[in-house]
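> As annotated in Swiss-Prot:
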BINDING   29, 30, 31, 32, 33, 78, 79, 107, 130, 164, 278, 302  NAD(+) binding site
ACT_SITE  109  active site, N6-AMP-lysine intermediate
BINDING   395, 398, 413, 418  Zn(2+) binding site
DOMAIN    577-652  domain 'BRCT'
């Protein structure tokens, strides 16, 4: 029986590979089902012989308790966006300045969810979401329910690969039809449906929704030399690889490819939102390196947003967590990029004045980045006698006078006791990217605030079960879950807390950069503006905003209250030593290193406080030159940049 189970497992996996990867079925559905049922029967009789890569592990479901955090061994970076031919030409010019003979691989930008898959000796070990690029969620059990992801590779490799999980338009339509029949809320678009599916706790639901994937990157070190070779290897290993791509050194040919794909975009079985252009040589990719946010060797061209006409019925003004008052237009409903849109942002008062937007106007509505509906401009030919829009002078929440600073485009409420400002701040603090207090969403925050239980973020950690039980709709079990989530948030790394404080200009990535240097929230109470401005990737605006916040007496009180409540103040990642030999310096590696490999050299430089980049510019402080160094070394000499060799680096 053990031998027969192994035979059936191998045979069915090969049939699945032919069907999903090669798109060339080698057996009829009825024959496949017959063999599959035989395997199920044998495994039920002899469960001790069930193999890890058995296709039966794709069927049925498990109720998961939740998703654990997963730190990526290889960070996932965002891509620089481009919206015009000129931006692509500028990218080409930057690359060709370093590598005149560079070629590019243009691939479709799938509108799905980024996933990372790690295999050991050919077996799938971890499937994870992108998260913030450094820490995602372990969704391995759900990943195993996606039929075109192999549980076992065709070779016993230890490898980490990247790709996109998506939902086809056909599956999306079927799911929404079923949800409509069941009286359930329909998904807005395939991407939202895929995102919701990957975070399902019931793996049987994941299996039914028929997600699919396209893989495009080997994140771990590879023996391949070119990106197109990587795609070929991924296909050979059993992954689904998108068949549409263009290899060329010509930006004209890439532009023609983009226009061809854009024209047939609606004919594809899945959603795409652009084309990604990558330097094809992996060695050149390594030389070009990364900025803080994105690789220098790739760029994502985003398709122009779909546009529709709609009438503005009214305008709502809402207060955000920093006091900014944002206008939102209520519209006659229109279908836009697969969703019904009835509200769109008007950005700010300067935008309203510039575009002369009035209630009753017919306007052009589009989705900014295919996500946020926005008003582009007014169709003046359809304007009648609409009056100029009245701009509020008082805060719609607290009634205090609004201010319009000369250097800002927005109205702002500066009353620190404004109810909306406080509520939005509390919501932000509890949000996933900040303290990630599961369940503490806007509705419950509003109830807590109106009941007088919370007035600032520190109050969250003083809440009791009795407080929650007094709220309408909160039962004992829900109260226990909320308290558990609040308690769990105390152990977050400090960059989550810093971001959660809602300081202007301090996003999640900036928070991490700051705490890599300072290590502790308490240290920011005495941090100097000029010191913060020296941190690579920041600058004077961020430094000023941070110091102004922590110079307030209320900030010291808040930090003390949070610390007393047991909230972690320490950064759990690797701290940068501000006294390190190369702290704050921008360094470029070039040429062949004889004693260290490039990753070892980069790790050492970063441990010494340096930022390692891929190109030489006026901002470069130091170049480490190995043998056969080329254009980067010559450019460094012409700019008068300090140059050292590998021996010098090894001795530090």
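Every residue gets a Cβ built from N, Cα and C, even glycine.
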> Round to a whole number and give the Cα-to-Cα distance in Å for the pair residue 395 (Zn(2+) binding site) and the residue listed as 'active site, N6-AMP-lysine intermediate'.
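The separation of the Cα atoms works out to 42 Å.
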> Within 8 Å of the centroid of the Cβ atoms of 395, 398, 413, 418, which other residues of that chain place their own Cβ, given that this set defines the recorded Zn(2+) site?
319, 323, 396, 397, 399, 400, 402, 415, 419, 420, 421
> Out of 109, 130, 278, which of these recorded positions shows the lowest number of other CB atoms within 10 Å of its CB?
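Candidates: the recorded positions 109, 130, 278. Fewest Cβ atoms within 10 Å: 130.
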> Might you list, by sequence position, any residue in that chain lying six or more from residue 418 (Zn(2+) binding site) with a Cβ less than 8 Å away from its Cβ?
319, 323, 395, 397, 398, 400
> Specify the count of other C-beta atoms within 10 Å of the C-beta of residue 79 (NAD(+) binding site).
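Taking every protein chain into account, the count is 18.
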> Between the Cα atoms of residue 278 (NAD(+) binding site) and residue 413 (Zn(2+) binding site), find the distance and write it as a whole number of Å.
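Cα of residue 278 (NAD(+) binding site) to Cα of residue 413 (Zn(2+) binding site) measures 45 Å after rounding.
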> Quick one: of the binding-site residues 79, 130, 413, which has its CA closest to the CA of residue 109 (active site, N6-AMP-lysine intermediate)?
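Closest candidate to residue 109 (active site, N6-AMP-lysine intermediate), judged by Cα separation, is 79.
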> Under the DSSP assignment, what numbers of helix, strand and coil residues are found in the domain 'BRCT' (577-652)?
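Going through the domain 'BRCT' (577-652) residue by residue, I get 25 helix, 17 strand, 34 coil.
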> Round to a whole number and give the Cα-to-Cα distance in Å for the pair residue 79 (NAD(+) binding site) and residue 413 (Zn(2+) binding site).
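Per the Cα atoms, residue 79 (NAD(+) binding site) and residue 413 (Zn(2+) binding site) stand 35 Å apart.
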> Sorry to bug you, but what's the C-alpha spacing from residue 413 (Zn(2+) binding site) to residue 130 (NAD(+) binding site), rounded to the closest Å?
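Distance (Cα to Cα, whole Å): 36 Å.
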> Neighbour count, 10 Å Cβ-Cβ cut-off, for residue 398 (Zn(2+) binding site): what number do you get?
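For residue 398 (Zn(2+) binding site), the count of other Cβ atoms within 10 Å is 15.
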> I'd like the number of other C-beta atoms within 10 A of the C-beta of residue 395 (Zn(2+) binding site), please.
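A count of 24.
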